[in-house]
Amino acid sequence: MSERARLALEDPLSTTHEPVLLSAALTFLAPRDGGRYIDATFGGGGHSRAILEASAPSGQVLAIDADPAAVARARALAERYPGRLLPCHGNFRDLARLAQSYGFVPVDGILFDLGLSSDQLADPARGFSFQLAGPLDMRFDPTSGEPAAVIVNTWSAEELAELFWQYGEEPRAWAIAQTIVAERARQPIETTTQLAALVARVAGSRRERIHPATRVFQALRIAVNQELEALAAGLAQAVELLRPGGRLVVIAFHSLEDRLVKQFFRREAAACLCPPGTPVCICGHRPRLRLLTPRPVRPSAEEITRNPRSRSARLRAAERIAHDGR
């Protein structure tokens, strides 16, 4: 067990994670006394705490996370908010089932804070960081699914290249994939630093804005956790769970996530989905969301200085409308 994991067990409320775009998230969620809210990605708990304080004395939060360490943190925090914070171990791909199992429907607001928490990134045993030596794992839930090492050591060069290009937008995808396949023929690739060194070798001595392994690690993490599929499922279910007037807020950290969220919001806010040029609407589509953020909200320079992790964050928000358009 890593030192960080041991400390987390001794003090579940200890965290290095600072919630991103907290003020904007609260503004768009607009928590109120007696409201019911879902934090679909509890993480360090910063957003949930703020929602609980803003919805005092009787607002409730269903705190969902796939990471058992985050759920332990939520259970510890729940003792400070008896009857108001409901910890839940699960993936937001099952959002509707989880909410219904708690009788937590309909709801007044749902927050998705996507990507990694600082605690996950800082724990070498989790295998998310290319700067810290650890096993090639990358699972949000270490008790479920296969680690990244399985992909790295069993997928073909063609499959790896497609993965790095599709989920990492990595321009050197094919060269990196070939290098991985050649290296694993000599010895298994089992650690984060081992993989990062291989990728850096392909990049050579060129100086880049980001570490050469950034995109490869992103692609592997997305694949291991099926993040985009989970996000698409979670967003679709979130709309169903919201009462009219309820708010949906999503914070994304890379272009693939943000693009998916933007397209989903636009589709759900559109009055018609017929192909351009169709003389009369025949699709029967009725909008279910009203956009609150025509453009994504970005962190201020001050927040980026204080919390560099927030640099790539993009927040989008929408409001559930009734079928009659109100």
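Cβ from N, Cα, C; glycine included.
Cβ neighbour count for Asp113 (S-adenosyl-L-methionine binding site) (all protein chains, 10 Å cutoff from its Cβ): 27. For Gly45, Gly46, His47, Asp65, Asp113, Gln120, the entry in Swiss-Prot reads S-adenosyl-L-methionine binding site.
The compositional bias 'Basic and acidic residues' annotation in Swiss-Prot covers 316-326.
The feature region 'Disordered' is assigned by Swiss-Prot to 299-326.
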Residue among binding-site residues Gly45, Gly46 with least C-beta crowding, 10 angstrom cut-off: Gly46
Pairwise over Gly45, Gly46, His47, Asp65, Asp113, Gln120, annotated as binding S-adenosyl-L-methionine, what's the top Cα to Cα distance to the nearest Å? 17
Between His47, Gln120, which of the binding-site residues has its C-beta surrounded by the fewest other C-beta atoms within 10 Å? Gln120
